[in-house]
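K.L.:
Below is a structure I'd like to ask you about.
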Amino acid sequence: MIVVKKAIAALGIGAVAVSVSSINASALEKGTVTASALNIRSGPSSDCDKVAKLYKGKTVEILEKSNGWYKVRVSSSVVGWGSAKYISTSGSSEGTSNQNNPTSSGTTISGNGKVNVSSRLNVRSGAGTNYSLVGKANNGDVVKLLEQSNGWYKIKLSNGVTGWASSQYISKTSEDVGTNNSSNSNSTNNSDKKPSSEESIEGKNGKVTSAVSLNVRSGPGTSYSIIGKLNGGDVVELKSKNNGWYKVKLSSGTIGWVSASYISETNEGTKEKPNSSSNQNSQSNSNSKPSFTGNSDKSTAKGSTIVDFAYTLIGIPYQWGASGPDKFDCSGFTQYVFKHSVGVSIPRVSREQANFGSAISMGNYAPGDLVYFDTDGDGTTNHVGIYVGNSKFIHCSGTQTNPNKVKVDNLTSSYWSKVLLGARRFV
């Protein structure tokens, strides 16, 4: 028989821990989103419809708990369910001021964990993103596990630093602490210096699978400087591999490092980049606009930030006049992305956005540029999106009578190539 004892705080009576499918949470309990973007759904299941999207650091009121899901209040009018794995509750922060002692809300654990991230993992003073950074761990580092609390591990690094890190990026391992650890080593920007764990893989090629431009860096990690870019479909020569990064040789002869997450080994040969001079025709005469047939991407760091953020919104439904975060129209989507990704404020309506910033000639589009269209055939702008590279753009598609959603389309398609008017750059 399952017995649930109600905790009566006024009498100080403790509750016996029991397993129940669903319990009510205190209306005062708060949670903080720990994922970069978290879908909020109509019910406690990933099969339920999305009703909103929340971003890292957002604080919500927790109304109910059920089988690994939290029912949360997003706004005065929106309530939905989010995975508890990506919501850190306020209760998990109690007692974390002294990092050498177990927290009152954490469960003591033992063993070691291995860091699994594409870049570096933040280590914080408490179990939540609202706590200050006390260190960083690199991909492949092995750390000592001390406690577990609401999707966070309390860990001890090889240099003695103790703090909290998201358990999403740590897997339990039998390896010893300090294995592959580089948290305390001096970083280098010299890509010719071979890391100790580098594995030679001469004679193989790799193909870029990223939907957006892929950064090429001077070393195996995001802390290294960007020395080039690759587009989806590019084939490069693989030289070696180190902790989730490939050392590659580009067709231009440049040697650098790229994340292995976006490279698949291939039998295809490397190619010289096609001369893009055929695409350099300016749109000085809007009445004789050529169809879009391709582009030479010249990405920037801010452009990549814009595109990466826009991709987190894919699938959000169209609603005429909406500007987010749970519904958009086309210009509401672009305005929201520029504001929340790089802090740039642009006009609200599409025709004004098409006159904002700097005009970019066809063939010179870069990821993060605004692209604008005339879908009515009257010569004026009535639709906008954001160029993501590789001749593709992301936009909130739909009309007032035929709503759609945020998605990616190809500018070289028979339809979009004919209605494209141009591009503008805001950063």
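Just so it is clear, glycine is given a Cβ too, placed from its N, Cα and C backbone atoms.
Given the structure is predicted, the values throughout are model-derived calculations rather than measurements.
Take a look at what Swiss-Prot says about it:
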ACT_SITE  His383  active site, proton acceptor
DOMAIN    110-174  domain 'SH3b 2'
DOMAIN    300-427  domain 'NlpC/P60'
REGION    89-115  region 'Disordered'
REGION    174-206  region 'Disordered'
REGION    267-299  region 'Disordered'
K.L.:
What are the non-local neighbours of His383 (active site, proton acceptor), defined as same-chain residues 6+ apart in sequence with CB under 8 A from its CB?
P.N.:
Cys330, Ser350, Tyr372, Phe373, Asp374, Thr375, His395, Val419
K.L.:
Which value does the mean pLDDT take for the domain 'SH3b 2' (110-174) in this predicted structure?
P.N.:
81
K.L.:
Where DSSP helix means H, G or I and strand means E or B, what are the helix, strand and coil counts for the domain 'NlpC/P60' (300-427)?
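P.N.:
Output for the domain 'NlpC/P60' (300-427) reads 32 helix, 39 strand, 57 coil.
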K.L.:
For a three-state summary based on DSSP, what are the helix, strand and coil counts in the domain 'SH3b 2' (110-174)?
P.N.:
3 helix, 37 strand, 25 coil
